[in-house]
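Summarising the annotation, TrEMBL assigns transmembrane segment to B:20-44, B:56-75, B:87-106, B:113-134, B:186-205, B:217-237, B:257-279, B:286-309, B:315-337.
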Amino acid sequence: MAGLEIPTWDPETALLIGTILLEAIVLYVGYGGLERLFGPYLMKLLVGGDADAR
Amino acid sequence: MLDSLLGGAGILGTSPEMLALFVGFGLVVGVLFGFFGMGGSFLVTPALLMLDYEPSVAVGSGMAFVFGTAVIATLKHHDLGQVDYKLGAIMITGTTIGIEAGRASVYYLESLGLAGGIISVAYVVLLGGVGAMVTRDALKSNGGGGIDHEAADKDLDEYEIPEIAKTIQQTVRIPPMVTLRGDVRVSVWVITAVAFATGLLSGFLGVGGGFIRMPAMIYAIGVPVPVAVGTDLFEIVFSGGLGSYLYGQGGGVNLGIVAPLLFGSALGARIGSAATAVVDADGIKIYFGGMLLIGAVAVGIGEIGSYLGNPTLELLGLVLVIGAAVVVAFAILYTTISSLRQERHQGTTVTD
């Protein structure tokens, strides 16, 4: 059976996982900013009138 | 190095059609995750298996997707003060060993040529079991399955510890004991056992394990619901990160799959989370349970199609699993917009 493995340092894999981590943080901040900027406008468009963005 | 990362991992190797499919699927999965607080990864690995990816790539990429989703959700729960870092740190050890045992099992089964079949069968049992549980609870209308949106708004002091958790806390008093948020005192060994069992599941199936870990933290450890949710996500950041790293070393993480899925799901999770403020989850929970049951049937059909070498059955399985998720996500969006319009209409009528 394939034995339990102690993680070894692999720069390419670390870069791969780091890229995913960075993408997640950028998406959290980016979508948050977009929500603040365009949220109220989008809510008006979808609901009509003066509904507040939730 | 970046060239080899992008080219080799497949972000350039993924066709525009597949990128669009992954972004769209990520959006749907994100809406479900943001609304129900679970189910984020249930559908990704089976869908990848049905798209004929290697089992280790389907599970590894599913786990890397879970890792990215957990990072985003933990940032949000940290802002709300709902993460118990002490509990999370204790759980990491047990989960890490569990994940590694699960991952080693996948590679072992893959070497025997059995991984795809066994993982699919495990998914049929899992999706079917959880789907039946959620549907039964929804029919009884007593909540259960996913986050209780009203409960999540209460103060931590207002939570009552479930009877079963009290019994475990009084019976298993093997030192060392720790005190957690919400004034819960429990043995480190109980926490480690819960962590190992859910880690094993995560490593074997590439899922976050939140649908088992959250109830386990609430009923076995006795922590308040919002703390269970926040801490579970914090813990998945580490366990999912380590699991993704180990799968990545074996070539199991495909950035061409994970990046577009995450791009869609981060937006979908915001929409789903915002919808919880408008729509009562109980009304839609039955659809969620139904979706999981259809998912179980779809994986079964896909696996039979693969066994018989029938591409029509494989395609039918894939259409069913994605279609069911799309229908439930649209039901959430439609109900949310309808409720908002109704609220506005009532507000206008009252003003008139």
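Placed from the backbone N, Cα and C atoms, the Cβ positions cover glycine too.
When each of the listed stretches B:87-106, B:113-134, B:286-309 is scored by C-beta pairs under 8 angstroms to the transmembrane segment (B:186-205), B:87-106 comes out highest.
Packing against the transmembrane segment (B:286-309) from elsewhere in the chain are residues 32, 36, 39, 42-43, 46, 49-50, 116-117, 120-121, 123-128, 130-139, 145-146, 315-318, 320-321, 324-325, 327-328, 331: each is 6 or more residues past its ends and has a CB under 8 Å from a CB in it.
When each of B:56-75, B:113-134, B:217-237, B:257-279 is scored by its Cβ pairs under 8 Å to the transmembrane segment (B:315-337), the top-ranked stretch turns out to be B:257-279. If you look at the transmembrane segment (B:257-279), the same-chain residues 6 or more away from its ends with a CB under 8 A from one of its CBs are 10-11, 14, 19-20, 22-36, 40, 44, 48, 53, 57, 61, 64-65, 68-69, 72-73, 76, 147, 149, 329, 332-333, 335-336, 339-340, 343.
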